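This report concerns only the one structure given below.
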């Protein structure tokens, strides 16, 4: 199956599409034939084709792209024996071909030409992460011709892979502080135009990897509209320059097959950036550092009495979430209590399998078995073959056990469950009273969490919060000498923001399926048993009534927009009225006006992009909607300029609040 065919299959994820494109490049841009699941593609190629051993040369950006989806063993199966950074001192390997996968910069081109001059490798296969500008292409051609060694350059390709994929349908352009840049009064028009062009370039890469030219819908009046226009122009030029009769990229005129790209500004839903989620993946991202599938957990922190949220830990422990991590795939989207219950079940299953092995082999511990043993007993040989898989399973379970233990420690020390609880009912008097009680808990290691919850209450309360309540909260933070510049921006945003998110109508995702939240009897005392004593002290009283913390599943603003655009027949009138005003661009219309008043039509596939920062809460809510039984299953890919932690986004709007204050003072 060719890579283009793989990319067109509905059941293939965005991550799979990127992997297939990378593997095609590693096999010197030859079409790959593979009929199995794409996760086994390297094994199949390794067995079916004669491997050409190669060197892979990367830069910082391309390293991030590859390391998010492939491991060293995968590279080895693709014939990569050595991989190095382009700026490192590299030993000459004159008998070995080299694949370059680097950003299209003048500096990288100069290094490649120097490698060519010195005959560092036998052949040069040059691949750029995104489109090489014409002036740099001409520069490369001129420099190569001067060397007289152009015969060594076998390929020059634009790969359109300049984006990071960390989950099956989640991607990031790795552009930090985009919201700050786009909303800071000090930012020049030239800087905004340049940033929007960079974002459009990143989306262009993603669209070409998906291998289908989508309809573009975008919110008007902000950066999303600018980016949509720029991207529409780039895609239209691409369509014009491509022979549609011979390129699968342009196949599929049916809207159900083509899909839709929905570009939104972050202001559509500010609260989701600060919400305390009860979903396992969201909690790991929020509480610890989850970056490119690596979880970084602080091992030591200062005593209670200081806010550790920004302090550097004395030591950290890192855990890799492998792309084939079975527990993460099955549980990352579940509420924390359910995931905790499942890790215990996984451990018990492993223990049963290990006990069966020891019974069959007669050893007391499976670690006593030698995988290289030549024991003639057929039964033992069969058991030994299972050892690597079983060992890997145990390592995965241990990883998540350790993560759960660390999460529990943070839950207890910061009373994080209380913030999740108050955010469920932002408008009630009881919630406000409860929040004031939380402020009096005597803890100062959770000041950031308190500020986040207040922002959520302020933005999501439909009638607004009483002035005396707001004043009490502000006084609390001032008494604790905590920076509340962020609130200045939040107040301004609430005052001036369009009511687009307020006019969107939520939809329940409860559908009677197994995916719906169920009441759980699992308390923290039960979860504590899973950690095998790694936590000190009793924590059973922390969330004894766990089922009250499992709210009804419902859509959030971004999902309401996607629902209205992808499934208009089943969407509310309120949501349809909001999205009807969105920009509509069809890049395939190359003559006349390419923008027109949109007609309501259904789509099975979408790419949803948020300008100014995204989060795992929106990703999970969209996936839950896509796979709910409210409609036929949909494919929804979600991305942003950057997947941003609450702490990082709080810092951005704090700087905006301070900047606006200084401008007002001036």
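Cβ from N, Cα, C; glycine included.
Keep in mind it's a predicted model, so treat the numbers as computed, not measured.
What Swiss-Prot annotates here:
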type: REGION; residues: 106-514; note: region '4 X approximate repeats'
type: REPEAT; residues: 106-142; note: repeat '1'
type: REPEAT; residues: 220-257; note: repeat '2'
type: REPEAT; residues: 436-474; note: repeat '3'
type: REPEAT; residues: 478-514; note: repeat '4'
DSSP helix, strand and coil counts for the repeat '3' (436-474)?
26 helix, 0 strand, 13 coil
Taking the repeat '2' (220-257) alone, what is its mean pLDDT?
76
Counts by DSSP class (helix H/G/I, strand E/B, coil) across the repeat '1' (106-142):
21 helix, 6 strand, 10 coil
